[in-house]
Structures are given as C-alpha cells and as structure tokens.
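Listed features, source Swiss-Prot:
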type     : residues : note
DOMAIN   : 28-130   : domain 'Gnk2-homologous 1'
DOMAIN   : 135-246  : domain 'Gnk2-homologous 2'
CARBOHYD : Asn39    : N-linked glycosylation site
CARBOHYD : Asn43    : N-linked glycosylation site
CARBOHYD : Asn59    : N-linked glycosylation site
CARBOHYD : Asn68    : N-linked glycosylation site
CARBOHYD : Asn89    : N-linked glycosylation site
CARBOHYD : Asn99    : N-linked glycosylation site
CARBOHYD : Asn107   : N-linked glycosylation site
CARBOHYD : Asn208   : N-linked glycosylation site
CARBOHYD : Asn245   : N-linked glycosylation site
SIGNAL   : 1-20     : signal peptide
TOPO_DOM : 21-267   : topological domain 'Extracellular'
TRANSMEM : 268-286  : transmembrane segment
Amino acid sequence: METTKKLFALLCLFVTMNQAISVSDPDDMETFCMKSSRNTTSNTTYNKNLNTLLSTLSNQSSFANYYNLTTGLASDTVHGMFLCTGDVNRTTCNACVKNATIEIAKNCTNHREAIIYNVDCMVRYSDKFFLTTLETNPSYWWSSNDLIPKSFGKFGQRLSDKMGEVIVRSSLLSSSFTPYYLMDTTRFDNLYDLESIVQCTPDLDPRNCTTCLKLALQELTECCGNQVWAFIYTPNCMVSFDTYNSSLPPLPPPSRSGSFSHRGNNKLLGGMVLAVSVSVFAFLSLV
C-alpha cells in the first residue's frame, strides 16, 4: 500500500514537472510578448491587420524560407517576418511557420509586438519598423545536458575559433539563395566531428550580420561551451553547434530535452530539466 502511494505521488510529480517546463507546446516554441504602452484589443483595425499579416506569412512559408511584409496605415501598421533555418525543406518550414503564427496569436493576444522561436523557424511582428535594424534581445538558447568528454581538451577555444571562421565566411553570402546561411563540418578528433551552423535574417547588411553572430556566439559559449550541442536564437540571427561520433549512425535533430533559457525579460528557465532529473532520481531512491 505504501509503495502504491509513492508511485502515485511520483506520477503526480512527473505531471507537475512536465507542466513546469512546458513552453508554448505543442511544438517546443517559446513566445515573447513585448510590453507596450499601446496594447490593442481584439476588434481593432490593428488586430485585423495583424491577423491578415500572420495568415500571409503562413501561406508564404510554402514558397520561401524568409519573407517580410507590412500591412495597414499610420498607427494601425503592422510589420512582420518569418525565417526558417537553411537546412529545413519547404514542408518543414511551412509546418513550423504555420504553427508559430497560431501560437503567437494565441499567446500574445492584444500585444502590438511579439516574437516566437522554434529550432526550425522564428516569426515576428511589431507596430514599429524593425527590418535592417540589428537587435539582440530577446535571445533564447537550448543545450544538451551532456558535457563534452575531457579527452577533447580545450574544446571551448577550438569551438570559438571554428565558429569565428564560419561567421566570417557567412558574411560573404548576402546574395546567396539562402542569405548568410552556412553549415560547416570539421573533424576535430579521431572519431568526432563538429558541425557549426550560422544564419542571419536577409534584411541585415553583412556588417550587422557579423556583429549579430559574434554576440550570439559569445552568449552561447558562455552558457553552453562545454555541452555536446547548443543552439541560440536572437531576433536577427541564430548560431548552433553539435558534436557527434562520425562512425555511428546520425542521431535525430536535437529536441529541447536539455537545458534552456532566455534573455530579454524576467523569465529564466535554464537548468530546470537538470533539476527535474535530480529530483526524480532522489524520489525514486525513496520508493
């Protein structure tokens, strides 16, 4: 009987923790609804323009991995964009943007500015013109809970050096089919490869793209430089790295099963998954 009670409590613990770390389910999306002195209501012209804009973004994601537009006039003007990562196909891009537009509309009701991140895409809208302007907040990162093996030596420095090279090369790709997107794979150990990916929104000039990527890389290496993989999004760029054993079959893309955190408001989620794991282990030891 006592064991049954403990198992029931454990089940409740799992449910509670799952709710605690859930962020904009169902698609692992993180939404930022910006505070504003001029919030809106559901029946305003601005909101109608916003709904039109989000619908257009969703539709256009079937044809491109980046799109921006402006709709409305004067104080009812809405600016918006989406960006899909350069390694996803049209079907994945469309699915991500479609879900993101639904989530951002649901989570940021009556907000005049918002942004939503997912590992495959981001969607943004605002009543202020933001294209061509470099912004670094809010940022959001995911990372593995697994640490780099000690046998890798000074991995953090090697990671910074390699990512720095990739950033310089990506700044030369402003006119490519997928502007500023670059993926590089380098053997850095007898068995392990380092995969580096960077990308900027195409509206940035090369100088601002480089600045955005360098700042994102700095934040990523500070938080996650010893992790097996990590990924960061900012409003204008993304940086990711992954290490894997090239002699083994490829693993599926990283999901948000590791730690995650963001910068730009008062919320902080980093390390929660690790805390969950420790708590569950401690509880199991009592059963």
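Counting begins at 1 with the first residue displayed.
Using the three backbone atoms N, Cα and C, a Cβ is placed for every residue, glycine included.
Asn89 (N-linked glycosylation site) falls outside any helix or strand according to DSSP and counts as coil.
Local packing around the Cβ, expressed as the count of other Cβ atoms within 10 angstroms, is greatest for Asn208 among the glycosylation sites Asn107, Asn208. Taking H, G and I as helix, E and B as strand and the rest as coil, DSSP gives the domain 'Gnk2-homologous 2' (135-246) the counts 38 helix, 36 strand, 38 coil.
The two recorded residues, Asn99 (N-linked glycosylation site) and Asn59 (N-linked glycosylation site), show a Cα separation of 12 Å. Shown are the glycosylation sites Asn43, Asn59, Asn68, Asn89, Asn99; of these, the residue with the fewest other Cβ atoms within 10 Å is Asn43. Considering only the glycosylation sites Asn43, Asn59, Asn208, Asn245, Asn89 (N-linked glycosylation site) has Asn59 as its nearest partner by CA-CA distance.
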